[in-house]
Structure formats: C-alpha cells, structure tokens
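**Q** Sending over a structure as structure tokens; questions will come in a sec.
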Amino acid sequence: MVVKKTTVTDKSAKVQKGAEAAKKDPVPQKVEGAEGAAKIPEAKKVEGGEGATEIPEAKKRYARKINHKNLSFNMIVVEGAEGATETTEAKKVEGAEGATEIPEPKKEGAEGAVEITEAPKVEGADGAAEISQPKKDPGVHFTSGLSDVTAVVGGTAEMVCKVSKEDCDGVWYKDGEEINPDDVLTTSKDGCFQYLKISKISEKYAGTYRFEADGRKTEAVIVVEDPPRFDPKGLKAFMVPVVVKKGQKATFKIPFVGRDPIKVQWYLEGNELSTDTHIKIEHEEGNSHLVLNKLHRKDSGEIKIKLKNEFGTTEAFATLIVTDKPTPPMGPLEIIEASPNVIEIKWRPPKDDGGCKITNYILERQQIGRNTWKKLGPIGPEAHYKDTDVDHGRRYCYKIRAETEMGTSELMETEDVQAGTKAYPGPPSSPKVVSAFKDCITLTWIPPSNTGGTGILGYNMEKRKKGSNLWTPVNTSDNIIKEKEVSVKDVIEGTAYEFRVAAVNNSGAGEYGAPSEFVFARDPKKPPGKVLDLKVTDSTYTTLSLSWNKPKEELGVHDEAKGYFVEIRPAENPEWERCNSNPMSMTSYTVKGMKSMSMYWVRVIGFNDGGEGKPEELNNYILAMPPPVRPRFTDQKIKSFMVVQAGNSARININFEASPWPEVTWLKDGVPVSKRVTISNAEGASQLLIPSSERSDTGVYTIVVKNIVGQETISVEIRVTDEPKPPGLVELDENVPGTVTVSWLPSPDEKRDDRLHYMVSKRDSVKRSWHTVADRIFNNKFTTSIMPGREYQFRVYAKNDMGASLHSESPKWEVTAKHEKFVMQMPESKTCNLLRPPKFLVPLKMHNAPQGYECYMTCAVRGDPTPHVTWYRDNISLNTNTNYLISNTCGVCSLLILRVGTNDNGEYTVVAENSLGRAECSTKLMVKG
C-alpha cells in the first residue's frame, strides 16, 4: 500500500482575530502493519469554539495553537483504496476558541502518512486551514482522433491524431497487426501529435489503421483509389498541335495508367470516333493509338481522348490542323480612288487561309478591249493595291489570287474600273448641333457613303437665316473644311440658322445634303423642371395611358420644355427603359407592350435645348391591368337546379367580369371539388364538368370569384339520379276481414332519393291482367279491399323522376268464400233516386314537399248531378292559375304543382257544389328547405 504525505499551510488556517488558536493533539491508534498511521474521520463543528474540529471516539482531548505555516499530520489511508483519506466536519469546542478536536481513527490495515500542502487561506480567519481531498490523475486521452483518408495510387497519405500528453508513446496497427515502419510507411511524433505517413502509396496499403496509447485507441480507414491518369511526359507531347497536309495521315498516341477495365473513347470536334476505312483505333495495355488517314481541310479541329473506370474520368485534348491551299479572295471590290492617274482598290482576304498565313497576292490586269493580261507581280500580304500605271479614261479589270506556302488559290475577277472618270461624291448627312452660344455654333456630320471613286478632300458648308431663301457660304472654295466638324462664328445673337454640307473629291463638290434643324445663336438654355400633375388616365393588361401638365418656367432656373420622354422600369429590373426614342411635344402618352399583371414604375422627363430635366415619378407602382372591377356574374338567367341521370355528363357554365383577373374556386357542399371534376377557366368564363356523373356527385356546387376588390358567389344544385332499384321482400297481411295490407322492404335508393315513391299493382284469379291500385305512396305499406273466393297477387315498384324500377312480387293470396244455403229472395221493387249532394269519399292528405320538387294532391268526391269542383289556396281560387295543373276525372280530383317553391306554402281547400248541396275538404302543404 502506498502512503503519501501532504503538507498543510497557514493559508488554510481559520483563526478568529484576537482569540488564541488551540489545537487538540491527536490520539492516534497504532495500526498493525502501519506504524504511526492515523485516520481523521468527518469533522464536526463544536459549539462555542470557532475553527475547532472534533474527532469522534477520542479518549483524550488536547488543544494547541497552530503557528507554523507547514505542518504534517499522520493519517490512515482507507483500507483497499490506496491514497484515500477520510475527513470529518469540524466541531466547535465549547469554551475554546480556535480549538480543533481530532477523533480517534477507526480503520486498520492502512499504513502511511499523507502530507497536506498549501491549502488556500480563508478570509477573516487568521491561521485557519482548509484541508481538501487530493485529485486523481485522469491519464492519457485523445484530444483529436484519426480521420478517414482517401488517396490515389502513387500519391501520399497521412494520418494524424493528438494525445493529451507529450511524453506519451503509442503503437500503430494496420488491420489488427502492429506496423513495422519502412521506407514507404513511416511514423513520427511531434509534441502531442502522432503521425503516420505513406509515400508512393499502393493498393496494398488500403485498410483500417489504429493508434493505441495507455489503453486508449483511435482508428480510421485509408481508401486507395486508382483512377485513370495520363503520363505527364506523354500528355505534354500529346498536347502539341499536329499539322499535316491534305491527303496525309495523323497519328495520336498517349500512355496512361489506372485500374482495369478502362474505357477509352476518342472524339473529333465533340463527335465520337469509331474504326472505319479512314479511322483506326488501337488499344494496348497502358496505351491508345488513333490514326486518321486521307485527311481533308474540314477534318481540322479538336481531338479529345476520354478515359473512364470505376474511380473516375479524365480527358486530354490535342489540336489537329490539316493544311491546304487557300480559298479565293472575297469581294465586293472597294474602289478607294479612280483618278486619271491612279486606281486604288481594296478587297477581303480568303474565307479560309488553308491553315497557313497569306504570304502575298498575285494580281493580273487587263485593259478592256485587249486580250492580254499583264502580271503585276506578288504584292501584300495586305489586301490592297494602288495601280499608278493607268491611262485617263481607260477601263481595267483585275484577277486576284491568294498565295501561301501550300499553294495558290483560285482567282477572283473584279468588275471594270475606269480611270479618271468625273464622279462626284454623294451628299453627307444632315449636320447635328454639338453646341450653340450667342457667338458660336458648332456642328458635325457623317461623310457620304458614295465617295465618287476617289477619296474625300474636304467639305463646303452653307448657312441660312430662318425666314430667308438665301444660302450663304460659311467657307470659301479654296479653303474647304478638312474635318467633319466646324465651329461657325459668323452668327448674330438671337438669330435662328440652319446649315447644310457638300463633300468635295478630285472631281469637285457634290450635292448638298439635307439641312440641319434650326438652331438659335444664344447661350444654352436651362433644363426644364419636373412635369406637373402626372397621373394614369386608363390601363389594360398590356397598355398604360398617362397625362401630365407642362413644368413651370423659372427665369434663370428652368426654361420651357420642348418635349418629353416617358420611361418605365419593371419591378424586377433596376434599369429604366425609354418608351419614346425622340422627345414628343404632347402631354399625354400610351405605353404599349406591357406584361399582364406585372409591376412597373413610371416617370416622365421634360426636355429642351438645355438638356433633360429632373424626372417626375408616380407615387406608387402600377399593375398592368384594367381599372379594378368587383367580380360580377353577367348571365341573365342561371339555372339554380339541375337533374342529371347517372352516367351522363353534368356541365355548368358561368360567365363573369372582374379586374384584375380573379381567383376562381369551385366548392361542393362547402368543400373543394374532387379530382373527378374538371374545371376550365378562360377570360371571363369558368366551366365545371363532371364527365360521367355518379349519385355521389349530388350536391350544391358553388363558384367563388375573388380578386383584390371583392368576391361574388353563386350556387347550382345538381341532383344525380337513376332508375331506382326494386323494393325488397313483399308481404301480405289480413288484419281486417275483407282487406289485405301489402307491406314491403324499402328500395336501397330510398335514403339517397327524397323523390322516390312506390306504386302497387294487383291482379286476381278472375281478371288476369295487372292494374294499378295505388301510386305515389311515400311509405312502405298499402291496404286494399279483396273479395272472397279469389286469388290475388301484388307487385310493388319503386319510382322517381327517371322512371320505375323492376317489380317485387308478393306470394299468392287466396280468400276462401263461405258457402251458405242459397235462398233467393225477391226484393220489393222500389223507385231508385240517384240524386245526392256532394260528399268526399277520400279526403286530402297532409303534404311535406322539398323545394324544387313536384307535389301531387288527390281526393275522391261523389254527387249527382256531377258537382263543380274548385281549388283554393288560402281562400284564393286556383282554377285559372296556370302554375297548377287541375283535373277531375270520374270523381277523382287532383292538383299538380310541377315545382314547389316557398310561395306554395299554405292551406289548400277543395269545394264541390251541385244543386243539392256543397262539400269541402282541406289540407296543408309544408315546403321544406
């Protein structure tokens, strides 16, 4: 067991100022095998004794003043934990300020002394010491581990890690085996850094590398790749341009390395090459050859080789130049001068020089009228010739060939050129004013395109006052203007002038060109101010109309505006675009060609002779759109209800107007329509189409048209229906003698179709034909009378607006007749009086009908003579109202409302009258929805 010694300094002693410090001598127990060792258990504070400690289970107590800076205490190290100590909280000793109490040690078998060194001083307690537990050394650890490395064959790979101590040595491993450094793989150390370096790496060095030190380890992977690579010397030679003559062959070769398989591709001007009669491609290990035979000038271009394997791709480029003789020189021939003694001409070089520089041109000349050609010899290499050996008035023709080291081109023959012809130059352009002052006006112009076959020697200028017909020369004929700009000083202040120019060549002066604009001889004007009241007067999706007022004139600050420029700037573009290239005098303008719903900034700039004024912008940006219009539906009548048979298409067309272009949304029962519904939107119209309707498509369809101004909606109800499915099982019950109740299970479509009702037909053993006994039954049973001794069958049909279903048939029902003894009694003859007052046999029933559907009311009345029947709604006669279909057949009175509306709510009364009396029957109609 190791024993450590610790020194305690007076910096940690806690002694109250003005009080004697006391120390209780320890009473150490002798521990077997650990001579002089003692254990200090947890110290406890002793009441009334500041800075005192108490050691429990001590038989004797001592107090001693601590005056020394360094003291040694013999302490017992905890058994089984080397170097560990146990201390207890100090207790204050009553009546002994500054005294400490040291308890007896308890642990045995721990030998050694612990030295307490330089504990920190406690403020306000002179001589007091604080004893702390020694810290444990954490050992070596990695502050930076290894990282994965990717290297190329032949390159260098390096791995590095950092440990916490410089004096740490470790071991490197590859794939679990310890590494032995050599000339290629080396390990080194620099302070806390550990290095592994591999030079000229090969694939055998790929693997997992680990560094271990003091029981700690870090590892990473080296990946070795072998992509295709060109040999540097071979690449340098490959990149040298290859120059061959027409008809010869060119060979390209380049060595390379890399892991097989390597795909090799050759290209000429981007087009992949393959072996044919003129192309030969050969591949060897580490080499590739390209041979091009019988080359033409058009084969010149860039040669590329491309290598590819699993690790990557690389390319190399070379240049192929196939030389040939040049193409002929090109026209048109430019006649620089055609004077009596000189013809100077100029032409354009050949379009293709054949891959070589033009060394010279070969010219031949023929005088028109002769058969011989005179060789003028090689000239050049400039495409220009000045022929001084000409006769005045003669015409000449020239043949020109280009010459290079590859040969001579085909000839170019010129048109006839006459020497010494009188050809005057054309008119120059209209003069433009550069500047104008009260005593000088400066102008410039463009020379004429037609020089008359000779060079321009100079110019003549004339001026004319405004309102005068007389042109006066600015210069004399022997003092022509040499430049294309002149300053005219012979002007009168405040007078307006216009100027014109004529060009002069060897033949003389040509015609004068168009005059300039009038310009005043006065000092420059001040630019105008900002335009006033700029506003938008109209707009569409592609145009914008503006208007403004002239800017104010301020003497010496702003002069009158002569014209205006309009500029726009799209929101996404920082540059302003000028809409009119020339200033306009009007104070309104329409901008065209704008993009629909795009954002623009707009400004107007005033202009005069002094230049452009400051721009005036609209306060806000402009959207390319018509003036805002709240959405509005334009159809006069829109159907609000549609009935569609299942399987057929349903279509709703809605027309509207709105600006800007609105957002159009279709909803079904308040929810966006499904993908089965096709929505088509066009300008001012929207269409909803259900190609093949199903019952689930029944609902209220709403279109919402919304823009920045507002929104409008309109709804159309679509009811998809079909011939209903037949009712279920039909049963017969005889609850009342002489009657039978027919009941049936409802049709599966009853819940989905509130228009569905039932019809009952009957046949008996006497009358074998089927006939209807009841219709428009809205429940699931019906009672009818039967006669004894007959067999009955019933059929029940489900019906709606689309028609009737297949029938459901009841079992046969037979009523047995009672046979009694037949006794014939002859009745007494009585006078038969058939006259009777009206009486309702079947009264009206209460009706609840959905809005938009039909309602059918019936009742039965008898009377003789036949009564007159009148229908009333809320005491108003309906017999003459065309909205109701009224009939009275064989005493059965009926009233049909084709389409029930909210106005049809109320009490309905049927009144039957004849000469013997009057009867009435009433009911109520409740309209739902």
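Every residue, even glycine, has its Cβ placed from backbone N, Cα and C.
Straight from TrEMBL, here's the annotation block:
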type   : residues : note
DOMAIN : 138-223  : domain 'Ig-like'
DOMAIN : 328-424  : domain 'Fibronectin type-III'
DOMAIN : 427-524  : domain 'Fibronectin type-III'
DOMAIN : 527-628  : domain 'Fibronectin type-III'
DOMAIN : 631-721  : domain 'Ig-like'
DOMAIN : 726-820  : domain 'Fibronectin type-III'
DOMAIN : 838-926  : domain 'Ig-like'
REGION : 1-53     : region 'Disordered'
REGION : 88-110   : region 'Disordered'
REGION : 123-142  : region 'Disordered'
**Q** So, by DSSP, how many helix, strand and coil residues make up the domain 'Ig-like' (138-223)?
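**A** Tallied per class, the domain 'Ig-like' (138-223) gives 3 helix, 47 strand, 36 coil.
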**Q** Is it possible to list how many residues within the domain 'Fibronectin type-III' (328-424) are helical, extended or coil according to DSSP?
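**A** Counting residues by DSSP class gives 0 helix, 49 strand, 48 coil.
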**Q** If you average pLDDT over the domain 'Fibronectin type-III' (527-628), what do you get?
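**A** Taking every residue in the domain 'Fibronectin type-III' (527-628) and averaging pLDDT yields 91.
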**Q** In the domain 'Fibronectin type-III' (726-820), how many residues does DSSP put in helix, strand and coil?
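**A** Secondary-structure composition of the domain 'Fibronectin type-III' (726-820): 0 helix, 46 strand, 49 coil.
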